[in-house]
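Undergrad: Take a look at this one; I'll ask things after.
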Amino acid sequence: MPDYRSKTSTHGRNMAGARALWRATGMKDEDFKKPIIAIANSFTQFVPGHVHLKDMGQLVAREIEKHGGVAKEFNTIAVDDGIAMGHDGMLYSLPSREIIADSVEYMVNAHCADAIVCISNCDKITPGMLMAALRLNIPVVFVSGGPMEAGKTKLANHGLDLVDAMVVAADDSCSDEKVAEYERSACPTCGSCSGMFTANSMNCLTEALGLSLPGNGTTLATHADREQLFLRAGRIAVELCKRYYQDGDESVLPRNVASRKAFENAMTLDIAMGGSTNTILHLLAAAQEAEVDFDLRDIDALSRKVPQLCKVAPNIQKYHMEDVHRAGGIFSILGELARGGLLHTDASTVHSPSMADAIAEWDITQTQDEAVHTFFKAGPAGIPTQVAFSQATRWPSLDLDRAEGCIRSVEHAYSQEGGLAVLYGNIALDGCVVKTAGVDESIHVFEGTAKIFESQDSAVKGILNDEVKAGDIVIIRYEGPKGGPGMQEMLYPTSYLKSKGLGKECALLTDGRFSGGTSGLSIGHASPEAAAGGAIGLVQDGDKVLIDIPNRSIQLQVSDEELAHRRIEQDKKGWKPAQPRARKVSTALKAYALLATSADKGAVRDKAMLDG
């Protein structure tokens, strides 16, 4: 049987000094025989998705101790992408994922912890912790802070979110009073933003990977039911420790749970629910940490056969995460996929022997368990608050309509091809990504004229100054992992195109990425990026570009000979923006850029450079 890792610092005469320090943290003689379970919390007062997590670590800790473990909590950083959006703060968002992954590794390995409970929530925190968990490969359970309630206002007949506030603010026809009303109403409670944005997408995907509990991605942050997820996570962490260290059961290790089958399940779910394109970036990065052979070609293959079963804001205004929960949450989507023969039901989870067992227990259309039905009736209270577990409102009924409800069956899918697609062509030889769930069908094939911007800042200025016209394809380049550096999100350009009435009249292509709040014909992750010699750096103003989503292609309408000539000229100039940018790049960001790969590799560090 494997020894507890913690014995390295808790056993033997030569560890007297280490034990003295452990005792100073509160440990007693009997504790040195127990597993030490790290709690990686991400509480911060900067981020609404994390502002309520201050006491969650100790809630989990008490449960761990009650069931025979020793709990030790530490914190990671957490960047709010919405607050960092639209200025140089966004340069730090994606790099923070690597910092979070490294910090979890540092803390867990430095102190020889035996297992981890990861308390995450927002955009880069869940991916960073996921990368660390798969890198460390010791027992782990994920539990997130949960989504916020959708906003409400008398000025709109649908739920509101952050993107609504941004769009009205950029719309010159909207009064200051309307903008203020949306601003005050869009984000009413603690929790991750209420739509199927990156944070909620990733928290849902941890359910499909088998590393978190049913309801993790959809139970509201404010609802009393969420407390049970934290408590159960603590109990399961102790159980997993016992199964691995006492029974030698390696099946509980994260690399065995998050197998290739699990990654295919997660991506299948992502496509079916129209998740954020950022999830592709993060799943590719996580797969590399798990040493799973899973790449953009695999995602492309899945995108061609998986239907879209769920549409949530920003892809449709009618539904938010609270509505997904009412319809049965993630295990109801997984159940529909399983019945369509699109899921590996033999994949394991940290809470059930197999995905099939979990679906049988948690899919509301399959189980008659009243407790499960009651759980998924948890709904919003409509009371602004930053307090977790502060309300216990329940819907009077579940959404069981699989023909026209929030979650559809395969037979009644929103579309027979899913909500994400990978495009290839001479402008993106290694691929680029589009969230088709947010693209109007009328522009699935679009030919337009390139309008070049060498930064997000110049693109925003150009859009607001009416330099972009109907029929243009906005090209924003040198915003990739190396070129930015940091691969900024382009939520402001896409939101401003919508506010200018160009949401269905223009496209946008970038080697940067998009917020989960983005909709429209917005194509990101162009690989290789411009700074790495990608063809997006060769496009000129006035070039024609043909986008063909059904055929998964994106083509610059320029001859191979002309592209070769342009490449020779660009090599002479160097792969950098044509116009200087007023952008200060810190030493920390330069260090990130030095090792960063393009988006098709997950924007992870280039290990070949480290190994070489």
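The backbone N, Cα and C atoms fix where each Cβ goes, and this holds for glycine too.
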Undergrad: Which residue of Glu479, Glu489, Glu505 does Swiss-Prot report at the same Mg(2+) site as Asp81, Asp123, Lys124?
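TA: Site partner of Asp81, Asp123, Lys124 for Mg(2+), according to Swiss-Prot: Glu489.
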Undergrad: Specify the count of other C-beta atoms within 10 Å of the C-beta of Lys124 (Mg(2+) binding site).
TA: 30
Undergrad: Near Cys122 ([2Fe-2S] cluster binding site), which of the recorded positions Asp81, Glu489, Ser515 can be found within 10 Å, Cα to Cα?
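TA: Among Asp81, Glu489, Ser515, the ones whose Cα sits within 10 Å of that of Cys122 ([2Fe-2S] cluster binding site) are Asp81.
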Undergrad: May I ask for the distance between Lys124 (Mg(2+) binding site) and Cys193 ([2Fe-2S] cluster binding site), taken between their Cα atoms and rounded to an integer number of Å?
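TA: Taking the Cα atoms only, Lys124 (Mg(2+) binding site) lies 14 Å from Cys193 ([2Fe-2S] cluster binding site).
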Undergrad: In sequence order, what residues of the same chain, 6+ apart, have a Cβ less than 8 Å from the Cβ of Asp123 (Mg(2+) binding site)?
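TA: When sequence neighbours closer than 6 are ignored, Asp123 (Mg(2+) binding site) has Val79, Asp81, Ser93, Phe197, Thr198, Ala199, Met202, Asn278, Gly516 within Cβ distance under 8 Å.
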Undergrad: What is the interatomic distance between the Cα atoms of Glu489 (Mg(2+) binding site) and Cys193 ([2Fe-2S] cluster binding site), given in whole Å?
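TA: For Glu489 (Mg(2+) binding site) versus Cys193 ([2Fe-2S] cluster binding site), the Cα atoms are 16 Å apart.
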Undergrad: Once Asp81, Asp123, Lys124, Glu489 are set aside, which residues in the chain still have Cβ within 8 Å of the Cβ centroid of the Mg(2+) site?
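TA: For the Mg(2+) site, the extra neighbours are Val79, Ala84, Met90, Ser93, Leu94, Cys122, Thr198, Ala199, Asn278, Ser515.
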